[in-house]
Amino acid sequence: MAFELPALPYDYGTLEPHVDSQTMLIHHTKHHQAYVNNLNAALDKFPELKDLGLVEINKVVGTDKLPGDVATTIRNNGGGHYNHTFFWKVMTNPSNTNGPSGAVKEAIEAAFGSVDEMKAKFNAAAAGRFGSGWAWLGVKEDGSLAITSTPNQDNPLMASLPDSTPMVPILGLDVWEHAYYLKYQNRRPEYIAAWWNVVNWEQVASNFDAAKTGAVLL
């Protein structure tokens, strides 16, 4: 079955003023749609891969399970489809975001000392990613939280890639220019700071609960 562009869980203007509606419209209907289209086109050449779900496709990136002539295409577009599907869900209306609580807050404090310190390290990872990519907060195999960044459309599920920090993402931020340039131009740190106002901490908590069992929510 071909992959489809998922509907957003909110309207394009819901994240205003922190993420503008025009950016959301273009980001979702043009950029994300292109990843879906390109992924489906690549999988059409290898029907045996169509039995893999989106999470599984990302997990086999960098392994010999992907034919060499489509490996890069599937890495870029399978990653793009997963990353954006994940990204839309970890954002919400600014009035709905109240910061982490419960078990995920305790885990953040245990790993980083405080929520503010976690944000500072996450911001540094996002701002310091040269060119296009992502910043991630995730659960490692030992159950601890960690922060990493990845280039392009890579993500921490792609554990076989060199220099990867394998973990299950629970929060991620897109720092490609198409995610912020219309509103913030070259002011990436300003975009990163504003983005915390739309983080869906309830979804992050659900992602964390699943990740502790080794599961990946999508």
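Even glycines carry a Cβ here, placed using N, Cα and C.
Owing to the predicted nature of the structure, the values given are computational and were not obtained by experimental measurement.
Going by TrEMBL, these are the annotated features:
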type    : residues                     : note
BINDING : His27, His84, Asp174, His178 : Mn(2+) binding site
DOMAIN  : 3-91                         : domain 'Manganese/iron superoxide dismutase N-terminal'
DOMAIN  : 100-206                      : domain 'Manganese/iron superoxide dismutase C-terminal'
Using a 10 Å cut-off on CB atoms, tell me which of the binding-site residues His27, His178 is the least crowded. His178
Nonlocal residues around His84 (Mn(2+) binding site), in sequence order (Cβ under 8 Å, 6 or more apart): His27, His28, His31, His32, Tyr35, Asp174
Mind giving me a neighbour count for Asp174 (Mn(2+) binding site)? Other Cβ atoms within 10 Å of its Cβ, every protein chain shown. 23
For the Mn(2+) site built from His27, His84, Asp174, His178, further residues of that chain with CB within 8 A of the site's CB center: His28, His31, His32, Phe87, Trp176, Ala179
Looking only at the domain 'Manganese/iron superoxide dismutase N-terminal' (3-91), report the model's average pLDDT. 95
